Amino acid sequence: MSWTYLLMLLFLLPYTGDAVPKINDGEDRVTVNVGDKVSLECRDAHLVTLAFQKSGLMKKPRDLKSRPLNNSETDQFFVIIKADLRHIGRYICTNTETQENTSVSLFVKDPARPFLDIPFIDVTEGADTVGMCFPTDPDMDIAIEKCDGSPLPENFTFTTDIEAGITIKTVQLAFDSCYVCSGNKSGTVKKSSTFSIHVKPVPKKVPTVFLSKSRQLVKTGEPFEVTCAVLDVFSTVKAQWLDVKEGVTKQANFRSSNVFSYNLTLKSDGVPYSESRTFTCQAENAIGQVNATFTLDVIDVGYVNLTVLENTTISVNAGDNLVLKVYIDAYPHPDDGVWTYFNETLLNTSDHYVATKDEGNNRYVSELHLIRLKGTEKGVYTFYTTNSDDDASVSFNIQVKTRPEILIAERTSEGTLQCVATGFPVPAIQWYFCPGSEQRCTDYPPLSPVNEKFIQENSSLGRIVVESTIDVNDLKKNGTVQCVASNEVESAYSVFSFAIKEKLRTHTLFTPLLIGFIAAAGLMCIAVAVLMYKYLQKPKYEIQWKVVEEINGNNYVYIDPTQLPYDNKWEFPRDRLCFGKILGAGAFGKVVEATAYGLLKEDSRLTVAVKMLKPSAHSTEREALMSELKVLSYLGHHKNIVNLLGACTVGGPTLVITEYCCYGDLLNYLRRKRDSFICPKFEDNSEAALYKNLLNTRDMGCEGMSEYIDMKPAVSYVVPTKTDKRRSGSFGDQDVSVSIPEEDDLALDTEDLINFSYQVAQGMNFLASKNCIHRDLAARNILLTHGRITKICDFGLARDIRNDSNYVVKGNARLPVKWMAPESIFHCVYTFESDVWSYGILLWEIFSLGSSPYPRIPVDSKFYKMIKDGYRMMSPECAPLEMYEIMRSCWNSDPLKRPTFKQIVQMVEQQLSDSKGNTPLPYPVSHVPLDHAVRINSVGSSTSSQPLLTNSDR
């Protein structure tokens, strides 16, 4: 690189008053290239100095050497050996005596660096920026822009100067950002490196002060701690605990660019005071100061105080819910307390549960929730709690109002009529007489009783019985006597019919006839009792699906299906149903194939399944079918459950119209497909020998014939094509009546089995999201329709469980024991987790192609012991290892460790995706949104769930 010598002769003319030094040839700007040598000569009659000004600061460069010029005592010679960007600025030659000066600007051009680098600029809000975007080439037009190319902020104004660079006027907080300088010379644009402008906010209000607590109660000698948090826009804020010299720790940090946090913690390991004190935290900035006060209450000994806002004597109607609430003011922290009823501790059950909460400031609340109070549950309920220093208790006297009940209504041997009644409040008994035979006599004047007395039973809060009698000898004619027991709740009555007869002469045949009559009556009573016992032993039809209303620990409160609303939009005209063949029949009713005309749209025909009861059905069974209809309408539509299409509830017996599933139940479908199943070989199948001949044997002697019953076709059977079999609809227009389950001619493989598992998991996830427990999940209760779509159903109506070996007698019920979780078998507990266990058994059924669970193991005492000891079935031959691991997780003895159905959907979906080689799934994934409370945890500590009914529904 060639050297360029620049001689700047600064002549200071002989002092003649106000003469000012001039630059040679009047030049005030000099431009050189980077690396050039620069020489400066400053001449004057007096001693001169050379200064360097940059960014408004006077600072002499370290490498700027000076020496006398030509041995002059006044003139100076300055040399920059190798010019670089550090030397850019204004050089000022000053007469030390007169302070007159002249100056020249030096620019050092560097093509690689068009601007001087600046990493960041700190500026106070409202001020102007200085010292940025200095160009190295004075011939450039300079500007400023944001790093990302976005527009400059609103009100962003700036001025440019070739020496001073760019000055931003009146900086605002919105200007805090990243910027870059740009220069344009002859159409060529060059940019600087990026830099940041940090805007320091100016306080506009006093600081904000928060205390971690405003008050604390301690005993003498106990520790305490309180933190004062101060928030301001800048770190110049001052904060302190007044009149506190020790025990204060400080911590400061920026929460964001415009918020500064300052924490002062006041702490003591042991309160040395014997009385209460206050402490003040003070914060101050340029606007002003603010104080926050903390009160420390000091006591010598702890306490427990109980408060009840309502009356402790409470009357409530039987069947109502009641909440007893006690407010606890205590220090130190009390125990949870206990509720007792006649000195017996109350534990959480379906009839009552306890809820506690901490309201802060040493105040707590304990609530006893009494659900659907019975008349026998009146009495004294007591709450007791204690801490290390004190204890207290409070009692409630609960009176349950019950309707009157007539216990005895008879004619005594003394010729009187006796009426004994009970209830709360104690009922009043009135007697009425009317001539002839009547149902009621209350329109006649009351009779005066001969005697009336009260009988107290058990304790002072036990049942009170009132007894009243009248003398029938005072009645002169035949008629009806009515005993009426009334209180403010309701009335009850009993009627006596009698006739006044002449005294008859005793007949010699009277005694033998009486004995014969009594003997015949006794035999008849015995026969009636036997028939009644057998009737009660018969299984009753009830819907298996249960909708959970509330959960407290392990106790489930199920909603009464009769309380669910029924929307008349489901009504469908009976005359538009054309019934076909019977699809299934059981002890209580049957399912019939039918054609519905105009169900979905006008002039359409749709094959449906219709549930109906037998003509001999009792009122309880009719009510159960109506409950099933209400539950199905409450659940709503889902692809993987048998959906409700309509109903007929007026003008005849109740009919429930549901989707028709052409392939029948999954259990028999799998058995029919055994010969055509393509089974890959998996490793580590310990039970392979058990299923070695599975695909070669059709006569398996399988248990439980719960499928659609086999029947002869009424018309020629039409074999659908492959295209028909794979269509995805759940139902469609059908022109051919089918009396037996259709069959597709496609083979079955492992991917199909995984898909069945996936669809059932989706359906169960949907039921769980609706707080619905199935209680009888098995392959026999899964139906299959076109496209091999599985649908969960409840087949209890059309199944004769008395002749189904899958249902084992246990107590007075027949239960599917091999599908039940241990807690359901041994404790009669049905939860979402017990459904997960049953799902694991269903997986085993699917991958064993319809074999019965626990093969060759009868349900007896040994079976129950095996389940208690943790016995689990081995993997079916056709099950991938991953699917067997899902089965095992469903069979965890701890219900809390079983996966939820949402997790099962994800696990099986992954297996289905892997079996397809990570290609898109052929079946749509319909994840169920949990639009109300997340799935209720039946074994955890969840308190309560969202109600399923509003008050108006009840």
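Easy rule for this one: first residue shown is 1, then count along the chain.
Keep in mind that glycine also has a Cβ here, set from the backbone N, Cα and C atoms.
The recorded disulfide partner of Cys228, taken from Swiss-Prot and restricted to Cys178, Cys181, Cys281, is Cys281.
Of the listed cysteines Cys133, Cys147, Swiss-Prot assigns the disulfide bond with Cys178 to Cys147. Of the listed cysteines Cys419, Cys434, Cys441, Swiss-Prot assigns the disulfide bond with Cys483 to Cys419. Candidates considered were Cys42, Cys181. The record in Swiss-Prot pairs Cys133 in a disulfide bond with Cys181. Neighbour density around each Cβ, counted as other Cβ atoms within 10 Å, peaks among the glycosylation sites Asn155, Asn184, Asn263, Asn305, Asn311 at Asn263. Asn291 (N-linked glycosylation site) sits 48 Å from Asn348 (N-linked glycosylation site), taking the C-alpha atoms as the reference points.
Taking each of the glycosylation sites Asn291, Asn343 in turn and counting other Cβ atoms within 10 Å of its Cβ gives the largest count for Asn291. Cβ-based neighbour count (10 Å, all protein chains) for Cys662 (ATP binding site) stands at 23. It is 22 Å from the Cα atom of Cys662 (ATP binding site) to that of Asp776 (active site, proton acceptor).
Calculated from their C-alpha atoms, the gap between Asn101 (N-linked glycosylation site) and Lys590 (ATP binding site) amounts to 117 Å. Here the candidates are the recorded positions Asn343, Asn348, Lys590, Asp665. The one whose C-alpha lies nearest to that of Asn263 (N-linked glycosylation site) is Asn348. DSSP assigns Asp776 (active site, proton acceptor) to coil, not to a helix or a strand.
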